[in-house]
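According to TrEMBL, the feature transmembrane segment maps to 28-48, 57-75, 81-102, 114-132, 160-181, 202-227, 239-256, 268-288.
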Amino acid sequence: MFSPIYALKHMFTFDDFILNEYRIPRTLLGLLVGCSLAISGAIIQGVVRNPLASPDVIGISKGASLAAVILIMVFPSAPLFLLPVGSFIGALCISLILSILISRFNVKGSSLALIGLAIGAICTAIVQFLLIRNPMDANNALLWLTGSLYGHTIENVLAILPWFIIAIPLILILSYQLDILNLGDQLAIALGAKVKGLKMTLLILSVVLAGASISVVGGISFLGLIAPHIARLIVGQRYLHIVLMSGLIGAALILFSDALARGIHPPLDIPVGVIIAIIGVPYFLFLLKKL
């Protein structure tokens, strides 16, 4: 373990390989991914006005994972920066399908979660088929699909950073309009909000964050569900506050889970997605029962 003072002394030098090539990139990536997935979940919950909505529960994460796996299998030599693009396209396709279902069939409550789980199951089945067809790539893909910070370098941090820098300021600027959307579409229109355009813009931004994160570290389930609910308990119902607090909680949960994953059975490095899932599944079942 390294103290914060030791890290600050050595982070701008090249005399400590483990710190510069492993610890610092892993921590930075955990901060970015945790913040991105949590904020993505908060925005999706606000747009669809459903407390069960999050990138993983409604299938967006599975769509991003499927697109990334296809890109890895079909174009193994593709540049690293293309993975977030592929994941974004996959996540966007799933989100468009869900948007159509929500608008045409008035999907609400647990029905949205069940539809998302069904879509996610289809995507998972296709991924498993691809892994069977390409056994040589199965080990790396399976580790990636469980959601792990292991082995990532500063290049992975730089792959997600531009998407984070683009999406987060726009979300913060638009987040106050989520308070208007929560009043209902008719009242929001009466107050001058362009509801359809606003929803689509926020949904695309949330998909950008989720897709970019998943493309780098793989699937981390339930983080986008847990963090916004904890944030609401702390800061109330103002969406700007919810978004900011969700990002902080998401980053903290990722770093805590990663430290726990590394300390349970050293030198075995358990994927952080496993720890988050162990925490998230009981909470998801509690929400289902509550609703």
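Every residue gets a Cβ built from N, Cα and C, even glycine.
Keep in mind that TrEMBL annotations are predicted by a computer and have not been checked by a curator.
Here the transmembrane segment (239-256) does not lie next to the transmembrane segment (57-75) in space: the count of CB pairs under 8 Å, restricted to residues six or more apart, is fewer than 3. Counted over residue pairs 6 or more apart, the CB atoms of the transmembrane segment (114-132) and the transmembrane segment (28-48) come under 8 Å in fewer than three pairs, which marks the two as apart. Between the transmembrane segment (202-227) and the stretches 28-48, 57-75, 268-288, it is 28-48 that has the most C-beta pairs under 8 angstroms. Listed by sequence, the residues of this chain that lie at least six past the ends of the transmembrane segment (28-48) yet keep a Cβ under 8 A from its Cβ atoms are 54-55, 58, 60, 98, 102, 112, 149, 152, 154, 156-157, 160-161, 163-164, 167-168, 171, 175, 178, 181-182, 199, 202-203, 205-207, 209-210, 212-213, 216-217, 220, 223-225, 227-228, 231, 239, 242-243, 246-255, 258, 272.
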